[in-house]
Amino acid sequence: MNFLVVIVTTVSLAGAASAGEIQNLYQFGKMVMCLGNLNVLEGLEYNGYGCYCGRGGKGTPLDDTDRCCKQHDECYERATDEMGCWSIETYATTYDYTKSKVSGKCTIKCKLESDYSRFTIRKKCKAFICECDRIGAQCFADKRSTFNRSLISYTKDKC
């Protein structure tokens, strides 16, 4: 069953993303599913949700879930503006993290910059982008009660 989940997720993302982007989106998706205790189909519903979830983002967020996506986008902007990460890195870099479940509750811990090997390239960006994704996924979990099914695949032209 896990193999099927990986295939479905990868194929769903492949139409709109490069190979690096797929890996990064896959990592973010795994965080979203773990922290939110969601299955793969529920996790995929965030892509294209509201005005900010998925590719692009504009206008005013429509609810707290959409605000999580706006904050995630802003974190990626800080990665380029303040951390010196390349724009492509925010979507294409892969990073290291650990996840654990205690009493059915998932926790995610991103590898710190100092914990990467000295031979690792762009470790500051890897650590920062992982934190962006972890915080975004935690926001989705915290705001899951605001998730509005009518905002799935929302037309961005309305934003």
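Cβ coordinates come from backbone N, Cα and C, glycine included.
The signal peptide feature in Swiss-Prot is assigned to 1-19.
Here Swiss-Prot flags Cys51-Cys159 (among others) as disulfide bond. In the three-state DSSP scheme, Cys51 (disulfide bond) falls into the coil class.
Taking the Cβ of Gly54 (Ca(2+) binding site) as reference, residues of its chain lying under 8 Å away and at least six apart in sequence are, in sequence order, Tyr46, Asn47, Gly48, Cys69. The Ca(2+) binding site annotation in Swiss-Prot covers Tyr52, Gly54, Gly56, Asp73.
Here Swiss-Prot flags Cys53-Cys69 (among others) as disulfide bond, drawing on similarity to another entry.
The annotation disulfide bond is assigned in Swiss-Prot to Cys68-Cys139 (among others) on the grounds of similarity to another entry. Annotation for Cys139 (disulfide bond): same-chain Cβ neighbours under 8 Å, separated by at least 6 residues, are Arg67, Cys68, Gln71, His72.
DSSP assigns His72 (active site) to a helical segment in the three-state reduction. The annotation active site is assigned in Swiss-Prot to His72 (among others).
The annotation disulfide bond is assigned in Swiss-Prot to Cys75-Cys132 (among others) on the grounds of similarity to another entry. Around Cys132 (disulfide bond), a 10 Å sphere centred on its CB holds 23 further CB atoms from the protein chains shown.
When Cβ atoms from all protein chains are considered, those within 10 Å of Cys125 (disulfide bond) total 20, not counting its own. Annotated disulfide bond per Swiss-Prot: Cys85-Cys125 (among others), in sequence order.
In the structure as shown, the Cβ atom of Cys110 (disulfide bond) sits within 10 Å of 21 other Cβ atoms. Residues or ranges marked as disulfide bond in Swiss-Prot (evidence: similarity to another entry): Cys110-Cys130 (among others).
When Cβ atoms from all protein chains are considered, those within 10 Å of Asp133 (active site) total 26, not counting its own. As annotated by Swiss-Prot, active site applies to Asp133 (among others).
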How big is the gap, in Å, between the Cα of Cys132 (disulfide bond) and that of Cys110 (disulfide bond), rounded to a whole number? 10
Hey, how far is Cys75 (disulfide bond) from Asp133 (active site), Cα to Cα, in Å? 9
Spatial neighbours, same chain, of Cys51 (disulfide bond) - Cβ under 8 Å, 6+ residues apart: Gly57, Lys58, Gly59, Thr60, Pro61, Leu62, Asp66, Lys70, Tyr154, Lys156, Lys158, Cys159
CB neighbours of Cys53 (disulfide bond) within 10 A? 26
Hey, what's the Cβ neighbour count for Cys85 (disulfide bond) at 10 Å? 21
